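**Student:** Below you will find the structure I want to go over with you.
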Amino acid sequence: MEATNSSQNIQPLLQQQQQQQQQPSPPSPRSNTTPHKLALIPLVFLIYFEVAGGPYGEEAAVGAAGPLFAILGFLIFPFIWSIPEALVTAELATTFPGNGGFVIWAHQAFGPFWGSLMGSWKFFSGVINLASYPVLCIDYLKLVFPIFSTGLPRYLAIFVSTLVLSFLNYTGLTIVGYTAVTLGVVSLLPFVVMTLVAIPKIEPSRWISLGQEGVEKDWTLFFNTLFWNLNFWDNASTLAGEVEQPQKTFPKALFSAGLLTCLAYLIPLLAAIGAIPLDQEDWVDGYFADAAEIIAGKWLKVWIEIGAVLSVIGLYEAQLSSCAYQLLGMSNLGFLPQTFGVRSKWFNTPWVGILFSTLITLAVAYMSFVDIISSVNFLYSLGMLLEFASFLWLRRKLPTVKRPFVVPVGLPWLVVMCLIPSGFLLYVMAVATKTVYLVAALLTFAGIAWYFLMNFCKSKMWLEFNNAGEKLEDQDLE
């Protein structure tokens, strides 16, 4: 009976929290209308950019393990990694449809400490990955404008591009969403053309090649390529409070984005492998542009390089939205001061979260962060393990909470579903370097210290905090 009563009491509190998250700042003379909600199609493309952004980056799988294993990887891996992660996201995002996403889930499952730590892990991984996108954008532009290769022009270009892309995010999630739709369509068009031109040249026997003789398999690179090209399905959950009818929209959006992502990876991969004689060492990041030139000519290579820049812009906008709304959700839960929940009077966007994320991005963008990126990926793996544990425990802890979308199997099968990707996460963490372990430990310690510092500030009433998280905690199960 205690479990039933607690489950029944949680839903009204979640609705109260969601309403709080959607409240705009006091209206200005230029803003008297209710902000628009994020519809299905923009959400599909935001999820698509959170996960993929196009076939860019999958080439290394061919270079690491050969054509057959690359094709099988992008056929099979979605079933053992992407689909479980997407199903978990669909159930939890529709059950707890507030900004903050996975932070809310861990908080509901294990309490405020784990909710805060989840937020730290995911924010660090997201915002430092975010720093790589302006750098990638300038790396593509320098092929056309060599002045951006080194020195002050390069630093200024990274700085200006970061600010411009962040300002676009500030103008509103609806604008960002439809921008993502446009960027997605335009960046995929050259691959559609490449595939059509390649069809008469395809030799299916090339698809079953195990690779060139004398080229060793690099399984670590192969699995890392699959992992990071089919990851981050849960990032859009931090935007759930901004979505129109999230209980209905999120499952549809996840399914549609999953189908789009898989097709966007597989079709160009099959076309390029089948149409071009294999030179395995050429298959590195960016090779699709060279493949397009071989298949159709220089004009298609340039088009794909332009598409790559547009894809990077989409990746940046989607990731920044996730980071900013995560901070807003953590503010509403009381993990961060109320300042992080302040919205723009003109666009109703969490401008403090956008500014804070942008400042960290600028700081990290000028660093050499190969080991840092690996460490952040390590932290993301820790967060995913906690996310799977939260999902399973909430099924047991809150069995009667209304779930608009339910993964249609019992708890034992859910455990099996989560164990397979969890095993892969443990493998990714096991092959990390000592430097990665050290950086991940330091960032984890920083997240723990932040939690206790915020609690100390609450006790001294030095800063103002919301209490939605405390209300939810009071209704938690013993």
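Sequential numbering from 1, following the chain as shown.
Cβ coordinates come from backbone N, Cα and C, glycine included.
What TrEMBL shows for this protein is this:
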type	residues	note
COMPBIAS	1-10	compositional bias 'Polar residues'
REGION	1-33	region 'Disordered'
COMPBIAS	11-23	compositional bias 'Low complexity'
TRANSMEM	36-53	transmembrane segment
TRANSMEM	60-81	transmembrane segment
TRANSMEM	123-145	transmembrane segment
TRANSMEM	152-170	transmembrane segment
TRANSMEM	176-199	transmembrane segment
TRANSMEM	253-276	transmembrane segment
TRANSMEM	349-369	transmembrane segment
TRANSMEM	375-394	transmembrane segment
TRANSMEM	406-429	transmembrane segment
TRANSMEM	435-453	transmembrane segment
**Student:** Report, as numbers and ranges, every residue of the chain located at least six residues beyond the transmembrane segment (36-53) whose Cβ falls under 8 Å of a Cβ in that stretch; write 'none' if there are none.
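**Tutor:** Residues 82, 172-174, 176-178, 180-181, 183-184, 187, 229-233, 235-236, 239, 242-244, 249-250, 252-254, 256-257, 260-261, 264-265, 311-312, 314-315, 317-319, 321-322 contact the transmembrane segment (36-53) from elsewhere in the chain.
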**Student:** Using a Cβ cut-off under 8 Å, which residues of the same chain at least 6 positions beyond either end of the transmembrane segment (406-429) come close to it?
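**Tutor:** Contacts of the transmembrane segment (406-429) (Cβ under 8 Å, skipping residues fewer than 6 from its ends): 80-81, 84-85, 87-88, 90-91, 223-224, 227, 377-378, 381-382, 384-385, 388, 391-392, 395-396.
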**Student:** Given pairs 6 or more apart, does the transmembrane segment (152-170) have at least three Cβ pairs under 8 Å with the transmembrane segment (375-394)?
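**Tutor:** No, the transmembrane segment (152-170) does not contact the transmembrane segment (375-394).
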**Student:** Is the transmembrane segment (176-199) packed against any residues at least 6 beyond its ends, judged by a Cβ distance under 8 Å, and which are they?
**Tutor:** 38-39, 41-43, 45-46, 48-49, 53-55, 168-169, 264, 267-268, 271-272, 274-275, 288, 291-292, 295-296, 300, 303-304, 306-308, 310-311, 313-314, 317-318, 321
**Student:** In the same chain, who gets a Cβ under 8 Å from the transmembrane segment (60-81) while lying at least 6 residues past its ends?
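**Tutor:** Distant contacts of the transmembrane segment (60-81): 206-212, 215, 217-219, 221-222, 225-227, 229-231, 258, 261-262, 265-266, 269-270, 273, 278, 280-285, 287, 420-421, 424.
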